[in-house]
Amino acid sequence: MVTTLDNALLEEILQQVRPLIGQGKVADYIPALAEVASDRLAIAVCTVDGEIFQAGNATERFSIQSISKVLSLTLALTRYQEHEIWQRVGKEPSGLPFNSLLQLEMEQGKPRNPFINPGALVVCDMLQTRLSAPKQRMLEVVRQLAGEEDLAYDSRVARSEFEHSDRNAAIAYLMKSFGNFENDVLTVLQTYFHYCALRMSCLELARSFVYLANHGRDLSGREVISPLQARQINALMMTSGMYDGAGEFAYRVGMPGKSGVGGGIVAIVPDELSIAVWSPELDASGNSLAGTAALELLSQRISRSIF
């Protein structure tokens, strides 16, 4: 039986997944993220008509981390011809950890997709080439999408990531050695870590990502990207948005999704909904444990899946 989507349903779902808290692990390789309270739990849903449903800590902001990779790709699609992007980054799932160097070496410095670290670094490198102030431009984009003028980067998280960035620097220099990186590595890393350190709430994320449910149009009706590009990003999220847990997520949830190690996940029901969940404890793939379970329950209760 299909259940009506409302706040009470979302509250009920959070109640059901709350016992999972304590079974995952908060990301601790970024010291500033390790301090986040592990008991946080939130969900927000925004319809293409702008109707909002929420439960839990849905207005509390957190570090969106790799969810920002969708936003940087979106921004790149407005600045480059598509073939220019896909010459430098692929569209295939990686099947390896998101910060792997092994595959990159084997494949001549061309990352598998834009949602793993090497691919996102290439996208940031491309933005660095075309934008005079890429950090400021991203803030303008997300503030417009979310309808919130005070959205900002957490400079402490960005600094913490930059101070522990040896592996990402190695990835960038490896790509540079293959001729797939144009700008100064440290400058691009600063931009990349600021994007990851964007602080947003589930409510703001759900509103911001409506354009992927609404053929590329945001809540105001403005075209962010074309309908075809929105469909293509959803396809990439489906195959590559959940690190090396994309198959598990497709099986359990059945929606395009993008996660971040801050514990957030954004999921899309094309033509209908944008959903954001947050629970900081992660599973072995780096995806929110309780967040994934909440999306699985929601998918079942409202009978929504792309399959």
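Using N, Cα and C of the backbone, Cβ positions are placed for all residues, glycine too.
According to Swiss-Prot:
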type	residues	note
BINDING	SER66, ASN117, GLU161, ASN168, TYR192, TYR243, VAL261	substrate binding site
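Structure with Swiss-Prot features highlighted.
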residue	record	Cβ neighbours (10 Å)
SER66	substrate binding site	24
ASN117	substrate binding site	23
GLU161	substrate binding site	25
ASN168	substrate binding site	21
TYR192	substrate binding site	29
TYR243	substrate binding site	28
VAL261	substrate binding site	24
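Taking every pair among SER66, ASN117, GLU161, ASN168, TYR192, TYR243, VAL261, the residues recorded as binding substrate, the greatest CA to CA distance is 19 Å. DSSP assigns VAL261 (substrate binding site) to coil, not to a helix or a strand.
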